[in-house]
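S.K.: Have a look at the structure that comes next, please.
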Amino acid sequence: MKAMILAAGRGERMRPTTLHTPKPLIEAAGVPLIERQLLALRQAGVDDWVINHAWLGEQIEAYLGDGSRLGGRIAYSPEGEPLETGGGIFRALPLLGEQPFLLLNGDVWSDFDYSRLHLADGDLAHLVLVDNPAHHPAGDFHLDAGGRVGETREAGGNLTYSGIAVLHPALFEGCQPGAFKLAPLLRKAIAAGRVSGEHHRGQWVDVGTHERLAEVERLLAEHA
């Protein structure tokens with residue numbers, strides 16, 4: 001299975017650092033976030049990687065090269081203008097092939113074991129969900145006892161999308177080149193009953209601010 005890492009964002013909330021450094025190359029305890037993800041993927045047996053980029057993307061290519069230094073292979077999908085999540089994945093589909101692939105947000109840190117991920121026959125997506133963080137208390141989806149993902153419920157019990165998933169290329173059938181979001185495609189597939197999920201109860205941080213980067217460094221220090 002191949003993996004795609006989304007690395008095209010500008011990292012607005014991490015300014016001024018991201019004015020000169022793309023967010024995936026920001027270091028946590030001396031190692032760039034994206035390098036930590038690639039090493040975790042390799043440990044899980046996933047060593048064929050696709051990375052999209054836009055803002056300061058040449059720095060990402062210069063640092064990671066062809067991936068051989070990390071024990072894998074990297075194909076890049078550069079974007080002249082950011083295409084949002086859905087458009088970026090759609091542009092990269094020729095590099096990903098016709099089989100399901102792993103998808104990771106480039107600014108997430110987690111102890112999730114990627115080797116556990118799979119997509120059941122007939123499903124279009126499998127989402128890893130986490131407890132709602134303080135900055136996103138309402139959550140994104142509901143996970144039922146059978147492992148099926150549904151829309152959020154007013155009664156509560158909702159979870160947050162972790163930025164870790166398995167997608168089938170068929171999710172993008174009918175899409176056209178250009179910028180578009182991933183969420184509407186997922187919600188359409190959810191309505192069709194074709195999205196599964198799991199609840200990761202381990203460590204997970206969406207490294208979107210300097211404060212959350214400090215949290216990751218604290219967690220890494222605890223396990224050093």
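Just so it is clear, glycine is given a Cβ too, placed from its N, Cα and C backbone atoms.
Under the heading UTP binding site, Swiss-Prot lists G11, E12, R13, K23, citing similarity to another entry as support. The substrate binding site annotation in Swiss-Prot covers N105, D140, D206, and the record cites similarity to another entry as its basis. Swiss-Prot lists D107, D206 with the feature Mg(2+) binding site.
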S.K.: At the Cα level, what's the spacing in Å between D206 (substrate binding site) and R13 (UTP binding site), rounded?
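M.R.: Computed Cα spacing between D206 (substrate binding site) and R13 (UTP binding site) is 12 Å.
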S.K.: Starting from D107 (Mg(2+) binding site), work out which of the binding-site residues listed here (E12, R13, D140) have their Cα within 10 Å, and give them in sequence order.
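M.R.: Within 10 Å Cα-Cα: none.
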S.K.: Within 10 Å of the Cβ of D140 (substrate binding site), how many other Cβ atoms are there?
M.R.: 20
S.K.: Let me make sure I understand the structure: which of the binding-site residues listed (R13, K23) has the fewest other Cβ atoms within 10 A of its Cβ?
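M.R.: It is R13 that, of the binding-site residues R13, K23, has the fewest other Cβ atoms within 10 Å.
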S.K.: With an 8 Å cut-off on Cβ distance to the N105, D140, D206 Cβ center, who else from the chain surrounds the substrate site?
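M.R.: Not counting the recorded site residues, we get V108, H136, T160, Y161, S162, G163.
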S.K.: State, in Å as a whole number, the widest CA to CA span among the substrate-binding residues N105, D140, D206 given in the record.
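M.R.: 16 Å is the greatest Cα spacing among the residues binding substrate.
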S.K.: Give me the non-local Cβ neighbours of E12 (UTP binding site): same chain, 6+ apart in sequence, Cβ-Cβ under 8 Å, ordered along the sequence.
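M.R.: Expected: T18.
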S.K.: Tell me which residues of the chain lie with their Cβ under 8 angstroms from that of N105 (substrate binding site), as long as they are six or more apart in sequence?
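M.R.: Looking at Cβ-Cβ distances below 8 Å from N105 (substrate binding site), excluding near sequence neighbours, one finds I5, L6, G163, I164, D206.
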S.K.: Taking every protein chain in this structure into account, which of the binding-site residues D107, D206 has the most other Cβ atoms within 10 Å of its Cβ?
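M.R.: Answer by Cβ density within 10 Å: D107.
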S.K.: What does the structure give for the C-alpha distance between K23 (UTP binding site) and D140 (substrate binding site)? Integer Å is fine.
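M.R.: Checking the Cα atoms of K23 (UTP binding site) and D140 (substrate binding site) gives a distance of 24 Å.
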